[in-house]
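What Swiss-Prot annotates here:
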ACT_SITE  H20  active site, proton donor
BINDING   D28, H99, Y121, A122, N123  substrate binding site
Amino acid sequence: MKRTALLHAELSQVIAALGHGDMLVIGDAGLPIPDGPRRIDLALTPGIPRVADVLKVVLSEMQVERALIAREAIGQLPVGQLPAWCEGQLAALPETVSHEELKRLSARAKAVIRTGECTPYANIVLYAGVTF
């Protein structure tokens, strides 16, 4: 059995196979998933699992070079403040794009992870970095 936090075999394999610059998307329950990327559906019921929980575990396994979230997720938050579902989890502030652009970009992802999150715009694109 693995010693690290990520026990989901399919997700572990996807992360291990990522190359530099490859995209992995963690999405809320309503994010449309295009036909191209691998679909990893973790949604059990509304709110379970949360994006924050999945993001925490993914970040324990994946070297992330940069991240993107939808501008709409920030809404009226003060400058520099992030939505609760990603607050304190990323090494650097994520870039922002429109929700429509994030959906377009997700078509190029290696995989899209669907969570049970029901918070609007709780979606994040992670770009794989290198460990050297």
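Cβ atoms are placed via backbone N, Cα and C, with glycine included.
Features recorded in Swiss-Prot, as mapped to the structure shown.
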residue : record                    : DSSP class
H20     : active site, proton donor : coil
D28     : substrate binding site    : coil
H99     : substrate binding site    : helix
Y121    : substrate binding site    : coil
Distance, H20 (active site, proton donor) to A122 (substrate binding site) (CA atoms, angstrom): 24
A122 (substrate binding site) CB neighbourhood, other CB atoms within 10 A: 25
Rounded to the nearest Å - Cα separation of D28 (substrate binding site) and H20 (active site, proton donor): 25
Recorded positions (H20, H99), the one with most neighbouring Cβ atoms at 10 Å: H99
Largest CA-to-CA spread of substrate binders D28, H99, Y121, A122, N123, angstrom: 12
Cα proximity to H20 (active site, proton donor), best match among binding-site residues H99, Y121, N123: N123
Cβ-Cβ distance under 8 Å to N123 (substrate binding site), same chain, at least six residues away: V25, I26, G27, D28, L31, V51, I69, A70, A73, H99, L102, S106
